[in-house]
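Beneath this line is the structure, given in structure tokens, with notes to follow.
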Amino acid sequence: MLNLVLFGPPGAGKGTQSEKLIQKYNLVHLSTGDLLRSQIAAGTELGLRAKQLMDHGLLVPDEVVIGMIENKLRENQSAPGFIFDGFPRTVLQAEALDQLLSHYQAPIATMIALVVNDEELIRRLLKRGETSGRPDDRDEATARRRVSVYNKETMPVADYYSQQGKFAAIDGIGNIDDIFQAICQKIEESRL
Ligand code: AMP
């Protein structure tokens, strides 16, 4: 089993690179943002509550996203591996993920972090907002709040994996295929 965390701020390119990784490694893509947006689209109570936080660029409670991941792991027990995209976003989520994966004897192989500076992120998010239809991409104040929430609440997750010797940083600015090659190289190194 190959379990990867694709880490980085909003707008770093996690979604784009995840698509390429799932094709190459045949992994199941678990994006908590996508899972939450499908709850919103389905009009569930969980979705309605999450939407209020998401539209303001704030994190939804840990237990909500941990519960969703737990369900997906249970549903996909024969998967060759998972790519976690946008999760974990807090240290508590990272600890919960380690615990969940211990039931399957399939720990995280490595965390790949895409590094992009704040101003480039804001530029990318606002550009995506022109076509994505996502309320949280549309205005600059919300985009800035998401980047600031990342810097405060999510950055410590990098230290968590680094302490386990499972952290690899990649420059997230440049050609999409070059970035993909750099990610694949780190994955191969983690499997040696
Ligand atoms: P994303 O699509 O990953 O940018 O996520 C969009 C929004 O969903 C975030 O701004 C949060 O409000 C919420 N969200 C997604 N993943 C998580 C998570 N792991 N923990 C808390 N909130 C999350």
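Every residue, even glycine, has its Cβ placed from backbone N, Cα and C.
Residues within less than 8 Å, Cβ to Cβ, of Ala12 (ATP binding site) and separated from it by at least 6 positions along the same chain comprise Leu114, Val115, Val116, Leu121, Gly172. Secondary structure from DSSP puts Ala12 (ATP binding site) in coil. Residues or ranges marked as ATP binding site by TrEMBL: Gly11, Ala12, Gly13, Lys14, Gly15, Thr16, Arg128, Gly174.
The region 'NMP' feature in TrEMBL is assigned to 31-60. According to DSSP, the region 'NMP' (31-60) comprises 22 helix, 1 strand, 7 coil.
A sphere of 10 angstroms centred on the C-beta of Leu58 (AMP binding site) encloses 14 other C-beta atoms. Among the features that TrEMBL reports, AMP binding site is placed at Thr32, Arg37, Leu58, Leu59, Val60, Gly86, Phe87, Pro88, Arg89, Gln93, Arg134, Arg146.
Among the binding-site residues listed (Val60, Phe87, Arg128), Val60, Phe87 have a CB atom closer than 6 Å to some atom of ligand 1, in sequence order. Around Gly11 (ATP binding site), a 10 Å sphere centred on its CB holds 25 further CB atoms from the protein chains shown.
Note: Lys14 (ATP binding site) has non-local neighbours Leu6, Phe7, Gly8, Ser31, Asp85, Gly86, Leu114, i.e. same-chain residues 6+ apart with C-beta under 8 A of its own C-beta.
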